Amino acid sequence: MPALWLGCCLCFSLLLPAARATSRREVCDCNGKSRQCIFDRELHRQTGNGFRCLNCNDNTDGIHCEKCKNGFYRHRERDRCLPCNCNSKGSLSARCDNSGRCSCKPGVTGARCDRCLPGFHMLTDAGCTQDQRLLDSKCDCDPAGIAGPCDAGRCVCKPAVTGERCDRCRSGYYNLDGGNPEGCTQCFCYGHSASCRSSAEYSVHKITSTFHQDVDGWKAVQRNGSPAKLQWSQRHQDVFSSAQRLDPVYFVAPAKFLGNQQVSYGQSLSFDYRVDRGGRHPSAHDVILEGAGLRITAPLMPLGKTLPCGLTKTYTFRLNEHPSNNWSPQLSYFEYRRLLRNLTALRIRATYGEYSTGYIDNVTLISARPVSGAPAPWVEQCICPVGYKGQFCQDCASGYKRDSARLGPFGTCIPCNCQGGGACDPDTGDCYSGDENPDIECADCPIGFYNDPHDPRSCKPCPCHNGFSCSVMPETEEVVCNNCPPGVTGARCELCADGYFGDPFGEHGPVRPCQPCQCNNNVDPSASGNCDRLTGRCLKCIHNTAGIYCDQCKAGYFGDPLAPNPADKCRACNCNPMGSEPVGCRSDGTCVCKPGFGGPNCEHGAFSCPACYNQVKIQMDQFMQQLQRMEALISKAQGGDGVVPDTELEGRMQQAEQALQDILRDAQISEGASRSLGLQLAKVRSQENSYQSRLDDLKMTVERVRALGSQYQNRVRDTHRLITQMQLSLAESEASLGNTNIPASDHYVGPNGFKSLAQEATRLAESHVESASNMEQLTRETEDYSKQALSLVRKALHEGVGSGSGSPDGAVVQGLVEKLEKTKSLAQQLTREATQAEIEADRSYQHSLRLLDSVSRLQGVSDQSFQVEEAKRIKQKADSLSSLVTRHMDEFKRTQKNLGNWKEEAQQLLQNGKSGREKSDQLLSRANLAKSRAQEALSMGNATFYEVESILKNLREFDLQVDNRKAEAEEAMKRLSYISQKVSDASDKTQQAERALGSAAADAQRAKNGAGEALEISSEIEQEIGSLNLEANVTADGALAMEKGLASLKSEMREVEGELERKELEFDTNMDAVQMVITEAQKVDTRAKNAGVTIQDTLNTLDGLLHLMDQPLSVDEEGLVLLEQKLSRAKTQINSQLRPMMSELEERARQQRGHLHLLETSIDGILADVKNLENIRDNLPPGCYNTQALEQQ
């Protein structure tokens, strides 16, 4: 068998040095950033996975392309890596953090380290240089308070800062902050005080939503308030919403961002946001804050810019009224503080236009809370005037009330108006202690009714369900129900409390009383929002559970989700990802295996293999037979059973070596074939790119032809327009000539009229010639471009078919054919227009001839007055124009015919190209199939090898774990007798102590009663007896507390005694200690009795003294002396006897408490040991500890 393993390892090691990535990500995991990797033996030895990715894309780097290159960053793990663009002079390195912020040199600031801090200048390779004017000892300014460099030795302070160094806030301001444009923050104090300072009781608190588990209470609404769909991305852990219409959708913040956010004034609200598709122009209403009847909005970016598409960016908004923060409308200081005190809505725009999608993440609101931590100096501590109290002067002091309850803490406090100057309620003004307000008489309303604040003499019924009582809020005069039943909350008792669900008023259907959520103990009871208050659907399942009631295991887990022990609930399937289906596992934990895999976790390859693996199997069987024969020979030689000829052994070794060389040669041939195939594929891609570029050139040529055709159309239209104008001119001339009265020869005035007519005819003839020339030029250009386009098509198709590689883009060629059809149609249209132009020109020519004939028939016209030669020349031009148009028409017809031939030739070439493409596609698919099969066989071999190694490693680790568990169990078993002894001793001591202290508690109670009687008798020694009473109370309370603690310990120890009854015989060893405790308890009892006797004597003495005091007439001087002596003896007796006894009782009680604490600590240790034993017992494997060997040699 060792030889068999050696052969398998050799075979796989020869195939492992180079491997290309396959579809099995478990073998070559490059996070989708690379398609190639190699095997690294050293990496496999260190991490268990030896595949290292090559040529990572998207600016990534690392073994699995899991990180960005140096100088790049990304917000999330799956995002693209973006360049840091750090300024080379101002940054320490080219690296940046996950937000793209670079590490700057001294004196440099900015996200890219591209500018100097205030007080610095001249950015160089060493950073920025500090302004020497600020370093001058005469100009020692506080950087947080200056508005710029000092001027002539004097610091220039910000508006709210004062002092020679600009290091103090002006009166009415506090918290000097360099990031505040004003320098300091104005005191708020609800307008009641202008004196304040930074509070030292508050620390920084961030209210965040990171969406790690769900939408965290966020919602999405339309602009009109109707709900929209909000989705949570488990992969990116953010939320997003999409729009199907132009109306925008808004993200709506949950309650934790609302309410009284007064301590967030001047701080920031930030979030990560990106938008995909749609319009990306910011609006003035991108971020909306509402509260206290006020509403302000702000854009995400300046309105002239555009939001980046598909790029996550952090947006930050400062919560104050400064104009630089772009809130609109601009509120006053107190209006902004009033809005934050009662913030009712925070909305952030999600979509921009139709089919737009917006994503939001990492929403953070900087706030503060009164706990220890990083200080929050922006929270104020007001110094209140008379009549006010509280940190912010928000309450009225005792003896004062609000002049207007509607204004709440903004209202002025005025003195109470009660009879006798009594105190009153600071909010309502109602007088206390029977003092009535003389101006107002309030009716005494029964339960279920309340006083109308506008008419205190009348009662109105409470708007509460089932007649619960109610009250009126003084600030808002809102009627709020009190004493809602368990599980019900709300101003009208209309909502179910947290942890309950139902519909008590039936607002969403039938009435359903509130009842506890049924989540099967699979939620965190300390968390809020575990279930939907209306439907009861569980929202925060834990222990790997899921479902409406957390009664199912999550995908990829199995077990009993209803088990009482969390460890027995849902556990991971632990399926081999390479051999199992992605559906998870069955209810018993067994995995659903892919074909060819088996085992509980699909970690073993099945015996049946695909048919394509038969040749590999046959070859491996032959190798196995040869290895078995070699193993038999070696065994004989080692056993001495016979002498094996060296020649036979050498022959077998040579055969094995030859077989291994054949395997190596086959692997190298396969690698060479794969490399050759890769080169061929690269050549095909290169030729395809070249062909694509030629097709692009052809597209451009066709576009130029179409542009020239458009120009030709324009020129034809111009020619048509000129012909129309010429016809109109000729018609006007004819009409004028027809209306002309030709006089006799003796009345002839001159040749000027006919001369002008001849000139007009000449001008029209010249325009016809020019139009015909333009048509001829355009036709020639169109023909040239058509020939060029046809030549390009022939050349591209010829090269594509002749190369036999790549597949021509059929859609592009078909588009070119369509464009040729359009060109042909255009040429036909031009032909028709040219024909029409020829007809119009001929008509004009005939009309001109008729005019000329009319002129020649005129009588009495002298040849000299009418230039006959000029008319003949015009006629010749018209004839030449007609012939020119005829010639152009012939050329157009020839071009049309040629276009038809070219079309047929192009279609034939296209058909040839398609057939060639089909052949090349077939060859390419066969090559890809062969390549994929080879890679799959290689990957399967690699996977099998590593599976065997993993199994061997797990078996060795399991063997070690079994040995460790066994040793722990044996050690724990040895400690059982010692633990049992400790538990028995503790039980005995606890019982004896309990019995001993029982009488001490009763005696202490009697002492307390006696001290109380003594207090009532004598007023002169009231202070001493009072202290005695206080001490007795403390002693009694301690005794009672110890008694209760002993009772609880007794109940716990009874459970232990039931399991350890066999140890009762060993209790005798501790009787001495018990006897000592009893003796001390008896001493305590005796002293307590003595204390009782002493107290009784003291009481008798005090009775006598009081008796004497009640009879002053019968007391003489001797009686007074006797009275003083008795009083002195009573005091001495109390100080010398009673007080030491009480001190001793207190000391005994303290010692008993110490003994009880030691007992509790010992019992806790014993219980911890018992719990540890139970864990060891649960973790021990069932059955026999001595397992058989995995292999028999």
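Cβ atoms are placed via backbone N, Cα and C, with glycine included.
Keep in mind it's a predicted model, so treat the numbers as computed, not measured.
Copied from Swiss-Prot, the annotated features are:
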COILED    611-718  coiled coil
COILED    811-1076  coiled coil
COILED    1117-1193  coiled coil
DISULFID  C28-C37  disulfide bond
DISULFID  C30-C53  disulfide bond
DISULFID  C86-C102  disulfide bond
DISULFID  C104-C113  disulfide bond
DISULFID  C116-C128  disulfide bond
DISULFID  C464-C481  disulfide bond
DISULFID  C496-C514  disulfide bond
DISULFID  C519-C538  disulfide bond
DISULFID  C553-C570  disulfide bond
DISULFID  C573-C585  disulfide bond
DISULFID  C575-C591  disulfide bond
DISULFID  C593-C602  disulfide bond
DOMAIN    213-381  domain 'Laminin IV type A'
CARBOHYD  N342  N-linked glycosylation site
CARBOHYD  N362  N-linked glycosylation site
CARBOHYD  N942  N-linked glycosylation site
CARBOHYD  N1033  N-linked glycosylation site
SIGNAL    1-21  signal peptide
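Sequence features, as recorded in Swiss-Prot, placed on the structure.
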{"residue": "C30", "record": "disulfide bond", "DSSP class": "coil"}
{"residue": "C113", "record": "disulfide bond", "DSSP class": "coil"}
{"residue": "N342", "record": "N-linked glycosylation site", "DSSP class": "coil"}
{"residue": "N362", "record": "N-linked glycosylation site", "DSSP class": "strand"}
{"residue": "C519", "record": "disulfide bond", "DSSP class": "coil"}
{"residue": "C538", "record": "disulfide bond", "DSSP class": "strand"}
{"residue": "C570", "record": "disulfide bond", "DSSP class": "strand"}
{"residue": "C575", "record": "disulfide bond", "DSSP class": "coil"}
{"residue": "C585", "record": "disulfide bond", "DSSP class": "strand"}
{"residue": "C591", "record": "disulfide bond", "DSSP class": "strand"}
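C585 (disulfide bond) sits 4 Å from C591 (disulfide bond), taking the Cα positions as reference. The Cβ of C113 (disulfide bond) lies under 8 Å from the Cβ of C86, N87, G90, S91, C102, S103, C104, K105, each of which sits 6+ residues away along the same chain.
Between the C-alpha atoms of C553 (disulfide bond) and C481 (disulfide bond), the distance comes to 42 Å. Among the disulfide-bonded residues listed here, namely C37, C481, C538, C481 has its C-alpha nearest to that of N342 (N-linked glycosylation site). C602 (disulfide bond) falls within neither a helix nor a strand when secondary structure is assigned with DSSP, and so counts as coil. Residues within less than 8 Å, Cβ to Cβ, of C573 (disulfide bond) and separated from it by at least 6 positions along the same chain comprise G556, Y557, F558, G584, C585, G589, C591.
In the shown protein chains, 24 other C-beta atoms lie within 10 A of the C-beta of C553 (disulfide bond).
Between the C-alpha atoms of C116 (disulfide bond) and N362 (N-linked glycosylation site), the distance comes to 29 Å. The Cβ of C602 (disulfide bond) lies under 8 Å from the Cβ of C575, N576, G579, S580, C591, V592, C593, K594, each on the same chain and at least six residues away in sequence. With respect to their backbone Cα atoms, C519 (disulfide bond) and C464 (disulfide bond) stand 30 Å from each other. Over the coiled coil (1117-1193), the average per-residue pLDDT in this prediction is 70. Cβ contacts within 10 Å of C593 (disulfide bond), excluding its own Cβ and spanning all protein chains shown: 21. A distance of 35 Å separates the Cα atom of C570 (disulfide bond) from that of C53 (disulfide bond). For C496 (disulfide bond), the nearest neighbour among the listed disulfide-bonded residues (C28, C30, C481), judged by C-alpha distance, is C481. Cα separation, C481 (disulfide bond) to C514 (disulfide bond), rounded: 17 Å.
Straight-line distance linking the Cα atoms of C37 (disulfide bond) and C128 (disulfide bond), rounded to a whole number, equals 45 Å.
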